[in-house]
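According to TrEMBL, the protein carries these features:
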{"type": "DOMAIN", "residues": "4-132", "note": "domain 'Cytidyltransferase-like'"}
{"type": "BINDING", "residues": "SER8, PHE9, HIS16, GLY87, LEU88, ARG89, GLU97, TYR122, SER123, PHE124, LEU125, SER126, SER127, SER128", "note": "ATP binding site"}
{"type": "BINDING", "residues": "SER8, LYS40, THR72, ARG86", "note": "substrate binding site"}
{"type": "SITE", "residues": "HIS16", "note": "site 'Transition state stabilizer'"}
Amino acid sequence: MIAIYPGSFDPVTLGHLDIIERSVPLFERVIVAVLCNPHKNPLFSVEKRIEQISYCTKHLKNVEIDSFSGLTVEYARLKGAKVLLRGLRVLSDFEKELQMAHTNKTLWEGIETVFLATTKEYSFLSSSVVKEIAQFGGSVTHLVPENVSRDIYSYYS
Ligand code: COD
């Protein structure tokens with residue numbers, strides 16, 4: 001079975017990476033799909049985000065990195081995937097994620113959303129937290145993969 005793990009990943013964090021690593025034994029293929037959203041003003045370009053995720057997942061054989069635009073379910077259909085993989089951290093995630101899962105079901109009955117609960121130590125971690133800390137000169141080396149930490153350091157210095 002193929003699973004799509006869609007997201008912004010701006011930037012990818014150790015929380016995302018944990019979800020990717022834990023999904024590997026569950027599916028034949030996992031496609032990490034970075035959304036191209038022209039309305040957002042990201043810290044890193046889609047190309048850079050693909051490079052960052054590719055680098056830190058290179059040890060995982062059945063993981064591919066890609067980008068998409070438009071509806072996630074349409075992308076999933078194109079890839080022959082019937083599962084969307086999502087991570088859950090706190091109660092507020094649950095509300096948002098459940099709404100998204102139900103919306104996606106209305107768009108394509110064939111899609112299922114599978115949730116993985118965050119590993120406890122990453123339950124507070126988000127890309128926004130990383131950007132906020134980095135913006136004010138704090139260290140993010142314990143929050144993101146090493147290659148991403150280097151990119152963030154170059155961006156803000
Ligand atoms: N631990 C566990 N999980 C985590 C952690 C962590 N520390 N951090 C993030 N996650 C999970 C998030 O809960 C999420 O499930 C996933 O990782 C990706 O997170 P983000 O923040 O990088 O990505 P999102 O949530 O902004 O991605 C949103 C989408 C791009 C999937 C969504 O906007 C989308 O599908 N857009 C396309 C348009 C569409 O199809 N719309 C209809 C559906 S509403």
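Here the Cβ of each residue, glycine as well, is placed from N, Cα and C on the backbone.
By neighbour count, meaning other C-beta atoms within 10 Å, the densest spot among the binding-site residues HIS16, LYS40, ARG86 is HIS16. Within the set of binding-site residues SER8, LYS40, THR72, SER8, THR72 have a CB atom less than 6 Å from some atom of ligand 1. According to its DSSP assignment, THR72 (substrate binding site) is helical. The ATP-binding residues named in the record, SER8, PHE9, HIS16, GLY87, LEU88, ARG89, GLU97, TYR122, SER123, PHE124, LEU125, SER126, SER127, SER128, extend over a maximum Cα to Cα distance of 18 Å. Of the binding-site residues SER8, SER123, SER8 has the largest number of other Cβ atoms within 10 Å of its own Cβ. Proximity note: of the listed binding-site residues (SER8, GLU97, SER123, LEU125, SER127), GLU97 have a CA within 10 Å of the CA of ARG86 (substrate binding site), given in sequence order. It is 14 Å from the Cα atom of GLU97 (ATP binding site) to that of THR72 (substrate binding site).
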